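Notes follow the structure.
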Amino acid sequence: MHQVVCATTNPAKIQAILQAFHEIFGEGSCHIASVAVESGVPEQPFGSEETRAGARNRVANARRLLPEADFWVAIEAGIDGDSTFSWVVIENASQRGEARSATLPLPAVILEKVREGEALGPVMSRYTGIDEIGRKEGAIGVFTAGKLTRASVYHQAVILALSPFHNAVYQAL
């Protein structure tokens, strides 16, 4: 059984990670543990590089905390231009897989508040009345009328980031 450490306590992220690992490695093949670790970047990262650095830092911190695991996974959401997106970073003892999620263009009224220094989650909670929206459907769920959720978009990126761990072509010389 694979021991998987999620570098998050966010239910939407944990759900995406659990579902993806079960789809790739088989139902019941993974034990998931979640830990709260620092990202080393601002609460609301801006740009692809800062956001990816946050995910990489979370993986490194989770590895230090639980070094006996088989996989460490982090999902870091950020703002790039006028859109929200995330980076997924997965590591095992010998390799790393990374994938960037789909992007969601944000309305100007939301972007204005985020650029003023507020994190997207609290801004969205205030506009929608949904407490802790970032731990639920997220801006993605709201702006896609529920057709996608934060977890569903993360799930796809986790599947992509897992590709090097189960596909032999990545191991070819």
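Glycine is treated like the rest: Cβ placed from N, Cα and C.
Since the structure is predicted, the reported quantities are computational estimates derived from the model, not experimental observations.
Marked as substrate binding site by Swiss-Prot: Thr8, Thr9, Asn10, Pro11, Ala12, Lys13, Glu68, Ala69. Applying an 8 A CB threshold to same-chain residues 6+ apart, the list for Thr9 (substrate binding site) reads Ser34, Val35, Ala36.
There are 7 other Cβ atoms within 10 Å of the Cβ belonging to Glu68 (substrate binding site). Look at Swiss-Prot and you will find Glu38, Glu68 tagged as Mg(2+) binding site.
Each residue contributes its Cα atom, and for Asn10 (substrate binding site) and Glu38 (Mg(2+) binding site) these two points are 13 Å apart. When every Cα pair among Thr8, Thr9, Asn10, Pro11, Ala12, Lys13, Glu68, Ala69 is compared, the largest distance found for this substrate site is 25 Å. Counting in whole angstrom, Glu68 (substrate binding site) lies 19 from Glu38 (Mg(2+) binding site) by their C-alpha atoms.
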